[in-house]
Amino acid sequence: MHGRDSSSGAFEEPRMVVRKFLARPQLEGVGAVVRRSIGRFELRYFDPFLVLDEFSVTAPAGFPDHPHRGFETVTYMLQGAVTHEDFEGHKGTIGPGDLQWMTAGRGILHSEMPAAQGTQKGLQLWINLSSKQKMIEPRYQEISSKDIAEATEDGIKVRVIAGEALGTKSPVYTRTPTMYLDFTLKPGAHLRQPIPMSWNAFVYVLEGEGVFGSSKSSPVTAHNLLLLGSGDGLEAWNKSSKLLRFILVGGQPLGEPLVQFGPFVMNTQEEIDQTIDDFENFTNGFEKARHWRSEAAIGLDL
C-alpha cells in the first residue's frame, strides 16, 4: 500500500492514465483559436463533460452572439480578460484568475469578447445537466480571483474552483456534482488527491511537465488531456526543474442519452428539434433573443 502522506487525503487505489490526447489548435467563433480536447471526434463526450477548450483570443476575434441550452459553461481566465453579456441584461468582465460558472438551463443568448489588449487566454468547460435540470432558469456564479479558495502544502498550491482539496472547499454549487482543481507543483512535489470512486476524472496540463498515475509513467507536457481510469484518487509528481501546473476535473456521470446539436444539448432528437424551433421562433426561454444584440456585435456590425 502507498504511505499516507500529509499532502492530501488518503486513498487506496490510484487512478492510472488510460488515454492521452494532445489538444491541437483549431479555429472557433470568429477568429478565435482553441485547443479542444473533449468534444472532438476522438472524444465526443466524457460523461458529464461535453467540451474542454483552452482558448486564445485577440481582438477583434471572439465569440459573438450565440445561444446555449441544456448544460453549464465554466469559464476560467488564465490571462487577460473577457467581457460577457446576455439577453437578460447580465454583463460583466472576468479577468485573470476569475471564474464564471454559467447555467444556461432552458436558454441563454450571449457573447464573449476580448476586454483587453493583447491575447486573452483561458479554459472553458461544458458540463452536461441531467434531464431534470436542462430546462431550469439560467443563472450565474461569478467569483473573482481574490475570492477563489486556495491552499498550499508541501510544495503544492491548489486553487479550489469546485469541490475540495487540501482541506479547503469551494463555495460554488455544482448541479452535476463536480470537482475542478487548479494545481501548481514545485519541483520535487508529490500530490495525492482523493476522487470519488464513481466519478469520471481527467487531467489537463497547462505548463511544465508532470508524471501522473504511476511514478514510472513518462512525463506529460502542456496541452495534453489525460483520461483517468478507475480508482479513488490521483497521484502526481513533478520530477522536473520547473513548475508544473494542471487542472484535475472530475464529475458524477449522468448515464443518460445525449443528443447534441452545436450549442444545444438535450436527451432526445425530439427535444433538439423543439429547441431549434424555440430558438428560431423566440419562444420557451428564447423570447428576449428577438430584439437583442450585444454591444460587441453592434460595435463590430455583425
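Cβ coordinates are placed from backbone N, Cα and C, and glycine is handled just like the others.
Annotated Fe cation binding site per TrEMBL: H66, H68, H110, E112, in sequence order.
Sequence annotations record features per position, and here TrEMBL assigns domain 'Pirin N-terminal' to 34-127. Under DSSP, residues within the domain 'Pirin N-terminal' (34-127) fall into helix, strand and coil as 0 helix, 65 strand, 29 coil.
Taken residue by residue, the domain 'Pirin C-terminal' (180-284) breaks down under DSSP into 13 helix, 49 strand, 43 coil. Summarising the annotation, TrEMBL assigns domain 'Pirin C-terminal' to 180-284.
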Next item on the list: Starting from the Fe cation site formed by H66, H68, H110, E112, give every other residue of that chain whose CB sits within 8 Å of the mean position of their CB atoms, in sequence order.
Entry: F63, D65, P67, T73, H84, D86, I108, L109, S111, P263
Notebook entry, point to check: Can you tell which of H66, H68, H110, E112 has the most other C-beta atoms within 10 Å, given these are the binding-site residues?
Noted result: E112
